[in-house]
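S.K.: If you look up Swiss-Prot, you'll see 5-12, 132-139 marked as ATP binding site, on the strength of sequence analysis. The annotation Zn(2+) binding site is assigned in Swiss-Prot to HIS156, CYS166, CYS168, CYS173.
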Amino acid sequence: MTTLAIDIGGTKLAAALIGADGQIRDRRELPTPASQTPQALRDALSALVSPLQAHAQRVAIASTGIIRDGSLLALNPHNLGGLLHFPLVKTLEQLTNLPTIAINDAQAAAWAEYQALDGDITDMVFITVSTGVGGGVVSGGKLRTGPGGLAGHIGHTLADPHGPVCGCGRTGCVEAIASGRGIATAAQGELAGANAKTIFTRAGQGDEQAQQLIHRSARTLARLIADIKATTDCQCVVVGGSVGLAEGYLALVETYLAQEPAAFHVDLLAAHYRHDAGLLGAALLAQGEIL
């Protein structure tokens, strides 16, 4: 059975056909609409899936935000242009006339990345560092989403009580500091207004402020990982996302994690499926029908 998998992120929308063998075909992308209106997202999703839906038997959505009863509830509305709520399952069922499931994108990615690990591992945490910071927890070989869909939203744990206000309403969240948006927001002077990709490029060229911003992000993530180890005693942490997979970033995180006491050390791995983990995880979960 072929699944039409959709990944809704803060920067882009992606869709692909995924067969029972896990192979990705006909992958497509569109920019995420920067609009507070649900119609803008509906229109973008319609354009994205219309060329693919005739070739699928079901739809699986991986989306940023809390997924509860098939709807997207934005924990940080800034990640979707200010959109607070969107009926994901209902909308895609209307657009495609296909049975549809939805799950948080980082939770979906965690499940895909778990499948790629050594068979002896039963407990892992996935972290995505991109527009925001998200996560997914696999414990005892099972994906943990929580009764309200909040499990794994580790980007909204505290990093600095005196830090910037996060879009979720808390002060000093990991996401507000370590994410691509957090890196860009903290930039000053000639880097003011630059996005995270530009800041990484400038860091590679020796720009001191850019390097400091990236080190600040990596240090914050390392402290988060130490907290995760203390909370879950996971066997490994897998890091993905556009920032997490940027050249040299994971090595920086490893350097800062090594400065923590040994009890909080844990193996760090780069995401095996890289930017396709959300799509694959959603399809795998649909195939397993465990949601």
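Each Cβ is built from the backbone N, Cα and C atoms, and glycine gets one as well.
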S.K.: What same-chain residues, at least 6 away in sequence, bring their CB to under 8 Å of the CB of CYS173 (Zn(2+) binding site)?
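M.R.: Those within reach of CYS173 (Zn(2+) binding site), by Cβ under 8 Å and sequence separation of 6 or more, are GLY155, HIS156, THR157, LEU158, ALA159, GLY163, CYS166.
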S.K.: Using C-alpha atoms only, work out the spacing between ASP7 (ATP binding site) and CYS168 (Zn(2+) binding site) and round it to an integer in Å.
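M.R.: CYS168 (Zn(2+) binding site) has its Cα 21 Å from the Cα of ASP7 (ATP binding site).
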S.K.: Determine which residues of the same chain, besides HIS156, CYS166, CYS168, CYS173, have their CB within 8 A of the center of the CB atoms at the recorded Zn(2+) site, and list them by sequence.
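M.R.: Going along the sequence, the neighbours come out as LEU75, ASN76, GLY155, GLY167, GLY169, ARG170, VAL174, GLU175, ALA176.
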S.K.: Taking each of the binding-site residues CYS166, CYS168 in turn and counting other Cβ atoms within 10 Å of its Cβ, which one has the fewest?
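M.R.: So among CYS166, CYS168, the binding-site residues given, the one with the fewest Cβ atoms within 10 Å is CYS168.
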S.K.: If you skip the near sequence neighbours and keep only those at least six away, which residues in the chain come within under 8 angstroms of GLY132 (ATP binding site), Cβ to Cβ?
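M.R.: For GLY132 (ATP binding site), the qualifying residues are GLY10, THR64, ASN76, ASN79, GLY155, GLU175, SER179, ARG181.
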S.K.: Quick one, of the binding-site residues ALA5, GLY134, HIS156, which Cβ has the fewest other Cβ within 10 Å?
M.R.: HIS156
S.K.: I'm trying to understand the geometry here, so how far is the Cα atom of ALA5 (ATP binding site) from the Cα atom of CYS168 (Zn(2+) binding site), in Å to the nearest whole number?
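M.R.: Cα-Cα distance, ALA5 (ATP binding site) to CYS168 (Zn(2+) binding site): 27 Å.
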S.K.: Given VAL138 (ATP binding site) and CYS168 (Zn(2+) binding site), what distance in Å do their CA atoms have, once rounded to a whole number?
M.R.: 24
